Amino acid sequence: MESYALHSLSTSFSRFSQLHHPPPPVISRSQFNQSQSLSLRSPITISQRFSFPSSTFKFNPFSKPHYPIQASPSSPPPPPPPTPIQGAKPIPFIISISIGLIVRFLVPKPVQVTPEAWQLLSIFLSTIAGLVLSPLPVGAWAFLGLTASVVTKTLTFTEAFGAFTNEVIWLIVISFFFARGFVKTGLGDRIATFFVKWMGKSTLGLSYGLTFSEVLIAPAMPSTTARAGGVFLPIIKSLSLSAGSEPASPTSKKLGAYLIQNQFQSAGNSSALFLTAAAQNLLCLKLAEELGVIVPNPWVTWFKAASLPAIVCLLLTPLILYKLYPPVIKDTPEAPALAAKKLESMGPVTKNEWIMVGTMLLAVSLWIFGDTIGIASAVAAMIGLSILLLLGVLDWNDCLNEKSAWDTLAWFAILVGMASQLTNLGIVSWMSDCVADNLRSFSLSWPASLAVLQAAYFFIHYLFASQTGHVGALYSAFLAMHRAAGVPGILAALALGYNTNLFGAITHYSSGQAAVYYGAGYVDLPDIFKMGFIMAFINAIIWGGVGSVWWKFLGLY
């Protein structure tokens, strides 16, 4: 889901940048080359290279410096751009459809499964294949799957659209609007800059400051993509450029590559720490509830169970990366001064920032204590959004322009609806019983089954480009497998939820924040895969070792 917040964020940043920047001067090619060669030869200090922007400037993390070069009169006209393919991409479309047709007509139907359930499974598998191969945008392809389920009379219209009233899905939609509020008011930027000022005298201290600010913002900004693109990437780019560390250049590893890797790997643990730090967390508990696994007082239970392993990982990640993926620059004595200058240029905390702080404190409080006073999480989010709209921090156009929120509502509701119907028709229980029987044939205890199933759930994510898409496709099936293998229900539900956050940093396409950080140009693709695998192994050891002891202490098993 979060990958689709990127488009909205980049659009809003670009428009703001255009309003506040005069166009750059047009220079000739010779002048441009001369200036480039001078810049490479001349030693420039950090303070000469960069200063934090004034109060009228908002850093655009997605833009790159661009200076038009005057073409000579004799230059040939550029070749016409290739004509884009209209409609679905043929090869991904054929593969996606073929998977469903093969399952429906060529694979023998098990005797335990009804024809209706088998037909829905074939449609669902085609839908999931399309989410991976992308013959059409995600929302469009999901709608085609929904249409197929209704046209073939596999589902009634009411059944097909039943998930559009799901509270958790609307909570996810509202979370996009909260993220826009953090970016629009500049509150997230101010919090992160404060931590840079406080802890940024060394590169290691700087990484810890950014990590702690991520943890502080996460529970009230339930979008890792929004936190990455709207708050942390602009700050990391600013600090890196000031130190002479530029993207897509030999200087990238001076500072920028390490900070990007650290923030990327830390984000998974900060999202796992709080129920409201990532939209997929809420979906996990909703799907668990449909399978009869009820997590009492979910916000507190989730936090208590995640707290010790997540905090250990957050404390160790910057240090481990500092050893395994070291920056060239070890000390950043000018970073606190630059951060202080930026805070000064931002001026005092604005009225809208205070409103945003108060609203999010109210929302988080209701998420924690809502069960006690009878206010559901989605209702708490509705109250918070209503306050922001009433006081003008957000306007309705902000909500309408958040296209990723509405796109998520469409495709996510379709996936959840299909997954729910698969459960009702008995497909999930049949699959889980088959897997459980195979595990029992190896005489595995439930802890060993837990480890095997968690590893399988994790590594399957190499085939997915969305954490929420992975949850919608596989969470229910894997939770049922855990239960059939004898794993305690609440432990299995929470472990799968935490795992969902941790695999968001294994590749450059594994999550929305992955695309944001890789797109910055500081980290090479081989390094993304290598460090993603190494940190996944380290996280597994910490969560498996520390977590198992902690969960035993909490009485989860």
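Glycine is treated like the rest: Cβ placed from N, Cα and C.
If one looks beyond the transmembrane segment (90-107) by at least 6 residues along the same chain, the residues whose Cβ comes under 8 Å of a Cβ in the stretch are 118-119, 121-123, 125-126, 129-130, 133-136, 141. Positions annotated as transmembrane segment by TrEMBL: 90-107 (among others).
Beyond the transmembrane segment (119-144), the same-chain residues lying 6 or more positions past its ends with a Cβ under 8 Å from any Cβ of the stretch are 4, 87-90, 92-93, 95-97, 99-101, 103-104, 113, 152, 154-155, 407, 410-411, 414-415, 418-419, 421-422, 425, 427, 463-466, 469, 473. According to TrEMBL, the feature transmembrane segment maps to 119-144 (among others).
According to TrEMBL, the feature transmembrane segment maps to 164-183 (among others). Long-range contacts of the transmembrane segment (164-183) within the same chain, counting only residues at least 6 positions beyond its ends with a Cβ under 8 Å from a Cβ of the stretch, are 1, 5, 8-9, 12, 217, 220-223, 226-227, 230-231, 276, 279, 282-283, 285-286, 356, 359-360, 363, 376-378, 381-382, 384-385, 388, 393-394, 398-399, 402, 404-406, 408-409, 412-413, 416-417, 468.
What TrEMBL records for 299-322 (among others) is transmembrane segment.
Positions annotated as transmembrane segment by TrEMBL: 352-369 (among others). Long-range Cβ contacts of the transmembrane segment (352-369) within its own chain (Cβ-Cβ under 8 Å, at least 6 residues beyond either end) map to 178, 181-182, 184-187, 190, 219-220, 275-276, 299-300, 375, 377, 379-381, 383-384, 387-388, 391-393.
Taken from TrEMBL, the feature transmembrane segment applies to 375-396 (among others).
Taken from TrEMBL, the feature transmembrane segment covers 408-432 (among others). Same-chain residues lying 6 or more positions outside the transmembrane segment (408-432) and placing a CB less than 8 Å from one of its CB atoms are 1, 4, 110, 112-114, 116-118, 120-121, 123-124, 127, 138-139, 141-143, 145-146, 149, 155, 159-164, 166, 169-170, 172-173, 176, 279, 283, 286-287, 290-291, 468-469, 472-473, 475-477, 480-481, 483-484.
Counting same-chain residues at least six beyond the ends of the transmembrane segment (444-465), those with a Cβ under 8 angstroms from any Cβ of the stretch are 3, 131-132, 435-436, 473-474, 478, 481-482, 485-488, 491-492, 495-496, 499, 502-503, 506-507, 509-510, 536, 540, 544, 548. The feature transmembrane segment is assigned by TrEMBL to 444-465 (among others).
What TrEMBL records for 472-496 (among others) is transmembrane segment.
The transmembrane segment feature in TrEMBL is assigned to 532-551 (among others). Below 8 angstroms of C-beta separation, residues 265, 268-269, 305, 307-309, 312-313, 316-317, 320-321, 324, 447, 451, 455, 458, 491, 495, 498, 502-503, 505-507, 510, 557 of the same chain, each at least six residues beyond the ends of the transmembrane segment (532-551), sit close to that stretch.
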